[in-house]
Amino acid sequence: MELFSLPSLFLLSTLFVFYISKFLNKRSQRNCYMLHYECFKGKDERKLDTETCAKVVERNKHLGLEEYRFLLRTMASSGIGEETYGPINVLQGREASPTLLDAYSEMDEIMFETLDKLFHKTKGFVSPSDIDILVVNVSLFAPSPSLTSRVINRYKMREDIKSFNLSGLGCSASVISIDIVQRIFETRENAFALVVSTETMGPHWYCGKDRSMMLSNCLFRAGGSSVLLTNAARFKNRALMKLVTVARAHVGAEDEAYSCCMQMEDKDGHPGFLLTKYLKKAASRALTKNLQVLLPRVLPVKELIRYAIVRAIKRRTTTKRESTSSGIGLDLKTGLQHFCIHPGGRAIIEGVGTSLGLTEFDIEPSRMALHRFGNTSSGGLWYVLGYMEAKKRLKKGDKILMMSMGAGFESNNCVWEVLKNLDGKNVWEDSMDRYPELSKIPNPFVEKYDWINDDTMSFIRV
């Protein structure tokens, strides 16, 4: 006697195949592959060299001798070079009276140039109509219609696209955007996503004399990036990298951390961006909270056990006065090979490098990205990644830790696994042969304007 009839066997086999397929699809939906990324590079006439910067400073009639000296010290120690890019309205001398068109023009140039290049290089397998998810992050410009709508209109994307327009998240918004995408991937099969990260600098150029607000003019520059992601397993062989994990930490409950990085007006009514002395402490605290979650996911158990034992011994054998040694104590190289530190400023890069026990070789990509392109806000991490790729550092199987920090105060980090040896041409193509040597040349601000520090200048009205 047959236990199952042919129709029953067919039904059972169909159900078996269905659930196996569902299980495999569920696993593949957890994947997040990076297919391509593009960074913005301005035209030569947009470069903010020493002479151009001096002209911008000279136009600010609110500055006195002490402000000039402060700017000279800041620029001389900033780690920023002669070839970063500035907003058009600032270069044209209209920083005190920006228009809405200036903001739109700046965003259109960065977003559309990077997206045009991205779609051109991936046109064999992805088109704008294939995009399922679009995330655009720009902290200081949130027009209506949204910037995501502007992108959708430009590229005539589908009506069922899921779009997200993020603002106010600062320099760490790109990793937040990737986190949003990978979470949506868990509910969508074979999806494509775009993450566009940039910032509008022109309409927010500070024209006052508050030193804590003048810092943003010295550090921030025009730039941005576009990244193409997918969870479709069939594109694994085309992918550059695979997302391993994302961790986010927010210490905004502390008043000092919340207010250390803030858009505001000074006492004279000049709008700008405030950066306080607490910024470094807030960044350290947020990064520590983040790494406490992230590192156990990516470092081998052996290293975690070694760290726990050493830490326990030190607690029992050292006094409080002796326990002020710097460094995290973990050997990050046991699970990570490369470190993308947000190029927010020389102090941030060197501070993170020291606390994590990184070498000069490890922090070189971030220092060079800061020197060549400045602090491009949420797009900055991708210039660092581009440097690593252009230098042919990225090999199959390597893991990259991306570390970003931004207003709030937040630390948002992620880890990527390299899926193939990378040596593609990118935004660094015409600069690669000159770095890192170019960054070692003394800052020309000191040579040209050190006379400002002469004591006799104190008796002269500047």
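Cβ coordinates come from backbone N, Cα and C, glycine included.
What TrEMBL says about a protein is an automatic prediction, not a curated fact.
Look at TrEMBL and you will find 27-316 tagged as domain 'FAE'.
Among the features that TrEMBL reports, active site is placed at Cys171 (among others).
Neighbours of His250 (active site), defined as other CB atoms within 10 A of its CB across all chains, total 16. For His250 (among others), the entry in TrEMBL reads active site.
His338 (active site) counts 19 other C-beta atoms within 10 Å of its own C-beta, drawing on all protein chains shown. The active site annotation in TrEMBL covers His338 (among others).
Annotation comment: TrEMBL describes 339-398 as domain 'Chalcone/stilbene synthase C-terminal'.
Take the CB of His342 (active site) and look out to 10 A: across all protein chains shown you find 32 other CB atoms. Per TrEMBL, active site is recorded for His342 (among others).
For His371 (active site), the count of additional Cβ atoms within 10 Å of its Cβ stands at 24 [all protein chains shown]. Taken from TrEMBL, the feature active site covers His371 (among others).
Under the heading active site, TrEMBL lists Asn375 (among others).
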Across the whole of the domain 'Chalcone/stilbene synthase C-terminal' (339-398), what does the mean pLDDT come to? Round it, please.
96
Can you grab the distance from His342 (active site) over to Cys171 (active site)? Cα atoms, rounded to a whole Å.
8
Between Asn375 (active site) and Cys171 (active site), find the distance joining the two CA atoms and give it rounded to the nearest Å.
9
Measuring CA to CA, name the entry from the active-site residues Cys171, His250, His338 that ends up nearest His371 (active site).
Cys171
